[in-house]
Amino acid sequence: MYDSLDFDALEAAGIANPRERAGLLTYLDELGFTVEEMVQAERRGRLFGLAGDVLLWSGPPIYTLATAADELGLSADDVARAWSLLGLTVAGPDVPTLSQADVDALATWVALKALVGEDGAFGLLRVLGTAMARLAEAESTMIRAGSPNIQMTHTHDELATARAYRAAAEFVPRIGALIDTVHRHHLASARTYFEGVIGDTSASVTCGIGFADLSSFTALTQALTPAQLQDLLTEFDAAVTDVVHADGGRLVKFIGDAVMWVSSSPERLVRAAVDLVDHPGARAAELQVRAGLAYGTVLALNGDYFGNPVNLAARLVAAAAPGQILAAAQLRDMLPDWPALAHGPLTLKGFDAPVMAFELHDNPRARDADTPSPAASD
């Protein structure tokens, strides 16, 4: 079975106990890895990980910062900054670190910079790096939990871990294709959304801002096991995503147990808040959601939103009682027929003067107006 392996040569090259690890070494040999590649992996303490690691790499490191800069027509400092904004590091300015694929990817950024300007292009790198880092962490957590054999601490068997890791890593290019497809759909959705909220060529938009969170979340984290907390947050995130999208909104971000979203109209903003607070899943789990809402002109930058309406909505959700929706006065004025009770004035952090708010309730008439009648459906 191991006739093709020269154990003495492998041991002399630096691979410890090759005969005891014959199964792993044969597996790597059958995958086409050279002795040199195995030795390098052994030096990194990752011989068991070589089969999967190679599928994660973008290619052999052939460019230093200086040679990559020459290839791209940039300074080495610009290349280093771009790589840093992506959340990535290089071993040193003169150490080959970047692959051909890395440099080709940066060439796309260089071309984009010429189209949209330096600030926009650098901002995109920051967003991309943050998003990819979060995605990578989510994937890693998913794989560790769903395929425990990927961990040596679980199997205590290098060959079993190598096979499991390889099977998981083979999804990397397929997930890349999935990302490309989903990205295209989200670009089309974002274009449609922004067409409804932009007023000029600036980055400012006029829209509704919503925040919602789980009441007494700190107490929940102390009462639940990690597994129960994971299930709770997973279900909450899924419910929020479904509700916001169903009501025509766009998710901006999750912050622990809180979510921020934007809506193109006051009606859609409030409908999403009502559906979140009254969500049957939350009631079944005996959870209480609260929300804070505002409407106005904000700065849309790098996938996030900034401005007074954002600050106001964030402060209102913090002031809301469990199961309560607090809306800014301007939003209330835009929905005169929506059931509301005056609440305030409130003293909110960051606001010099007390702020008038309104507690909003469900509006069955608005819901009925959104639902086609049987006759209209025929």
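Just so it is clear, glycine is given a Cβ too, placed from its N, Cα and C backbone atoms.
Annotated features, as they stand in Swiss-Prot:
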type	residues	note
DOMAIN	208-317	domain 'Guanylate cyclase'
Arithmetic mean of per-residue pLDDT over the domain 'Guanylate cyclase' (208-317): 89
DSSP helix/strand/coil residue counts for the domain 'Guanylate cyclase' (208-317): 55 helix, 35 strand, 20 coil
